Amino acid sequence: MTQAPVTVTVTGAAGQIGYALLFRIASGQLIGPDTPVRLRLLEIPQAVKAAEGTAMELDDCAFPLLQGIEVTDDARTAFDGTNVALLVGARPRTKGMERGDLLEANGGIFKPQGEAINAGAADDVRVLVVGNPANTNALIAQAHAPDVPAERFTAMTRLDHNRALTQLAQKLGVSVNDIKKLTIWGNHSATQYPDLFHAEVNGKVAAEQVDQAWLADTFIPTVAKRGAAIIEARGASSAASAANAAIDHIHTWVNGTPEGDWTSAAVVSDGSYGVPEGLISSFPVVARDGRYEIVQGLEIDEFSRQRIDASVNELSEERDAVRKLGLL
């Protein structure tokens with residue numbers, strides 16, 4: 001175990017996702033079983049005590065890879081020298097809240113965090129935004145970190161990807177391991193588009209193994225509205241599954257995608273597939289040499305085009321709204 005430790009910052013660390021995430025990071029699941037980790041837990045002042053309680057529990061696990069924990073309410077301290085930043089803490093939408101108010105409230109969180117990452121994060125920093133609206137929160141943070149390469153800012157659609165894998169596997173009576181090349185396009189919202197036209201199940205096109213009515217009327221809405229269904233059933237939003245997807249996203253980013261497969265992540269668009277340059281949108285991606293790259297050359301049929309465009313239009317509207325608020 002001669003590897004240098006990786007510093008991982010988790011915001012909203014005292015929340016449910018943070019609680020589900022931190023023990024898995026400390027056990028070595030984020031990067032790998034040979035990489036020591038140092039944890040930084042960032043919280044708002046009134047939640048610092050709760051985060052300190054979580055830190056006590058982490059200590060009590062005696063994880064061999066865990067080389068230290070720091071709890072703070074100061075963003076500059078939290079992101080100083082950090083290699084991986086998991087931005088989980090966000091302002092949730094409350095009843096009757098307009099989208100503009102939600103974007104403004106989150107701007108107040110993600111602008112200073114972007115500035116703090118810009119000021120002090122390690123040169124190899126990787127940022128994953130989990131807190132919703134994740135794509136646009138990532139855009140705000142990235143806009144305020146001009147010295148960090150834009151490609152280092154990502155938002156999480158791996159939870160949607162994993163949800164889609166399981167829905168398809170259950171429909172066809174196969175293992176999730178039998179499914180390759182599934183894609184989530186667009187926004188992490190109800191407009192997202194889970195694409196089966198390029199996905200393969202045991203080497204055959206997935207969309208050809210299900211009927212069109214199931215795909216359009218059951219599969220797509222089930223994946224898109226799964227978060228709401230979990231709130232309805234559990235009385236609280238997805239926490240362990242979101243934490244699991246965050247682990248998957250970073251682990252893949254660092255260690256690579258399997259040969260002959262890809263995954264989904266919201267990354268800064270380079271104009272591929274008609275997505276305006278600079279938007280943070282979900283694409284099919286491969287991870288190579290520690291970088292996410294958009295899979296090129298896929299043919300997009302009319303069914304898919306309409307759905308991708310609808311989600312991308314929503315992202316453009318969100319970007320315009322935060323621009324008007326002076327957050328970009």
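Every residue, even glycine, has its Cβ placed from backbone N, Cα and C.
The active site, proton acceptor annotation in Swiss-Prot covers His188, and the record cites sequence analysis as its basis. Non-local contacts of His188 (active site, proton acceptor) by the CB criterion (under 8 A, 6+ apart in sequence, same chain) comprise Asn132, Pro133, Ala134, Asn135, Ala155, Met156, Thr157, Leu159, Asp160, Ala266, Ser282.
Annotated NAD(+) binding site per Swiss-Prot: Gly12, Ala13, Ala14, Gly15, Gln16, Ile17, Gly18, Asn106, Gln113, Val130, Gly131, Asn132, in sequence order, evidence recorded as sequence analysis. All protein chains considered, the CB of Ala14 (NAD(+) binding site) has 24 other CB atoms within 10 Å. Under the DSSP three-state reduction, Ala14 (NAD(+) binding site) is assigned to coil, being neither helix nor strand.
Positions annotated as substrate binding site by Swiss-Prot: Arg93, Arg99, Asn132, Arg163. A simple way to gauge crowding: the CB of Arg99 (substrate binding site) has 14 other CB atoms within 10 angstroms, across all the protein chains here.
Looking only at the binding-site residues Gln16, Gln113, the densest Cβ neighbourhood within 10 Å occurs at Gln113. Here the binding residues for substrate are Arg93, Arg99, Asn132, Arg163. Their largest Cα to Cα distance works out to 25 Å.
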